[in-house]
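J.: Encoded as structure tokens, here's the structure I'll be asking about.
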Amino acid sequence: MPHIEEGVKLDFKDVLLRPKRSTLKSRSDVDLNRSYHFKKSGQEYTGVPLIAANMDTIGTFEMALALNKHNCFTAIHKHYTIEEWTDFAAKNPSVLRNVAVSSGTGSGDFDKLKDILKNIPDVKFICLDVANGYSEHFVEFVKQNIPDVKFICLDVANGYSEHFVEFVKQVRNAFPTHTIMAGNVVTGEMVEELILAGADIIKVGIGPGSVCTTRKKTGVGYPQLSAVLECMDAAHGLGGHIISDGGCTCPGDVCKAFGAGADFVMLGGMLSGHDQCGGDVVVKPNGKKVKQFYGMSSSTAMNKHHGGVAAECFPVTTSAAAMLSSNPTARK
């Protein structure tokens, strides 16, 4: 039977953080680095828990160079060539600790992934895009060819499927000491199911992205702040962690996500428009420069990479800014 939830559900814009007395003398005394222990894998992480999304207009090598200076993480998009990866790694070996290589699940993708990791053994994070469903040869491929990878990201647009849960179980059985990220989901019961299936970190968010139209196209989603609050409670109760993925439009939203209990925050739109981003620069008639930014389920991305699959995002242009910096006025 259909069921309507009567309770109030909140987005970041619906709340403010109430101030409390602090022992710190200045904001400069705040240490943004966090350390986590992952219960399932036994692995450790220390760094600033901000992740640049693996979108081809955001997760670029240039972005990784900029964010690494602040000990932040970049999930590199999967459309770089092996030659581009090799050149980047040779010139920037110290950055590899804060990047993840992304891959699809086709046999060609696996061959490419194998070559990248063979040539760049210092890359320890991998983001595997299984949006097209379960890949039977995935587990054996990774076990045989990339045994040194310690972090695995199982990332689908909507994690509410039985075969995805079974897939997480299969990966956990094959890799008992690897840290597994799985998502995306927005409710506590699915967080618990994925953690019990073997995941360490759950990605939370369906449709909150600034260029995402999943909620309009499918009617599916959940206000992001409430999703973080409920999923945090479920995950932490089982010793797991969560990533708040999407919905942040300003630094205050990031603060609210952490305040609601997120362990990591993934950013896309907030990092768009800078020189380090991908996307074409267009000059408008008034002389203003703008840069293209689109979601990976947009018609632009689908036509570019997947031959026109139905879109759930839209392309936009953002004001072209200078180099990404710590100056908050850089993107006026």
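Positions of Cβ are set from backbone N, Cα and C atoms, glycine also.
Found this in TrEMBL, in case it helps:
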DOMAIN    10-144  domain 'IMP dehydrogenase/GMP reductase'
BINDING   S26, R27, K78, D155, V156, A157, I206, G207, M296  NADP(+) binding site
DOMAIN    149-305  domain 'IMP dehydrogenase/GMP reductase'
BINDING   G207, G209, C212, R215  K(+) binding site
ACT_SITE  C212  active site, thioimidate intermediate
ACT_SITE  T214  active site, proton donor/acceptor
BINDING   D245, G246, G247, G268, G269, G295, M296, S297  GMP binding site
J.: Give me the Cα-Cα distance between I206 (NADP(+) binding site) and R215 (K(+) binding site), rounded to a whole Å.
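T.: The separation of the Cα atoms works out to 8 Å.
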J.: Over the domain 'IMP dehydrogenase/GMP reductase' (10-144), what is the model's mean pLDDT?
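T.: On average, pLDDT over the domain 'IMP dehydrogenase/GMP reductase' (10-144) sits at 84.
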J.: Using a 10 Å cut-off between Cα atoms, which of these binding-site residues sit near G207 (K(+) binding site): S26, K78, V156, G268, G269?
T.: none
J.: If you compare CA-to-CA distances from D245 (GMP binding site) to each of the binding-site residues V156, G209, C212, R215, which comes out shortest?
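T.: That would be G209, nearest by Cα distance.
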J.: Does DSSP give C212 (K(+) binding site) helix, strand or coil?
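T.: For C212 (K(+) binding site) - judged by DSSP and reduced to three states - the answer is strand.
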J.: Quick one: what's DSSP say for D245 (GMP binding site), helix, strand or coil?
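T.: Looking at the DSSP assignment, D245 (GMP binding site) belongs to a strand.
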J.: Could you count the residues of the domain 'IMP dehydrogenase/GMP reductase' (10-144) that DSSP puts in helix, in strand and in coil?
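T.: When I sort the residues of the domain 'IMP dehydrogenase/GMP reductase' (10-144) into the three classes, I find 50 helix, 24 strand, 61 coil.
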J.: If you count CB neighbours within 10 Å, which one among the binding-site residues K78, R215 has the smallest count?
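T.: Across K78, R215, these binding-site residues, the one with fewest Cβ atoms within 10 Å is R215.
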